[in-house]
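Here is the structure we will look at.
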Amino acid sequence: MEPPIPQSAPLTPNSVMVQPLLDSRMSHSRLQHPLTILPIDQVKTSHVENDYIDNPSLALTTGPKRTRGGAPELAPTPARCDQDVTHHWISFSGRPSSVSSSSSTSSDQRLLDHMAPPPVADQASPRAVRIQPKVVHCQPLDLKGPAVPPELDKHFLLCEACGKCKCKECASPRTLPSCWVCNQECLCSAQTLVNYGTCMCLVQGIFYHCTNEDDEGSCADHPCSCSRSNCCARWSFMGALSVVLPCLLCYLPATGCVKLAQRGYDRLRRPGCRCKHTNSVICKAASGDAKTSRPDKPF
């Protein structure tokens, strides 16, 4: 309750009132503040704070900020009119409902003021990066020595017996030259010339149309084979047909000549190894002035 006003003081509108002190529970530091004497007409209930609504944790002040110069810079605080200055430690009792509602409104507004971010001091903005940093290309450490040229690395498998390359390109057999004629419809080769010159193409056509579907391919492609089916029937038919077409008797000698020519051409043109069932070793390749030695590794 508010202390009674002494009767000796005149009750006039222009009279002043000394703010009452709180009970003995008030701290000694708060009692040392000087008391402010305000006229009655300047006391406004809209600026009275409610201790049960205000959040004291939101009213924490931020510390001083340091600028580039090193001098601390204090954050500016919002200035208020002297007429609106109120003490947080003053409490009143017996307030009407209108006072509490206006106090709640002012407390909410003050909470919003505290939650607003403090103004940031003007600082020099960092310069925008306009030049990209240079990329340093680090070369990996070559632990295997200098690289071997592709020509030498391709032919590093050598035969242990003859010393020639055993790669697929070098060791594959070479065939006699051939070409396609008549708009890519006829193959001109040594074996084709023998088939047409000895009339063996006629026998192949007969075997193609008269044999079973399972054996027509093998009999037509290899009419003189002894390991195919119907061997006796085929040879009997070719012997009877050779009486009418004696050129069929030249088929076997001509085919033998083609095989010999194939072997001679392959021997001259094949650069790789022609040995069978031999081991291969890794050659010692040299790149530039430095020679890279690899250990022999049989396969």
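Quick reminder: no glycine exception, Cβ is built from N, Cα and C everywhere.
Note that the coordinates shown come from a computational prediction; the quantities given were computed from them, not determined experimentally.
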Just to confirm what the record says: which one of Ser125, Ser172 has phosphoserine annotated in Swiss-Prot?
Ser125
Count up the helix, strand and coil residues in the domain 'SPR' (166-273) according to DSSP, in that order.
67 helix, 6 strand, 35 coil
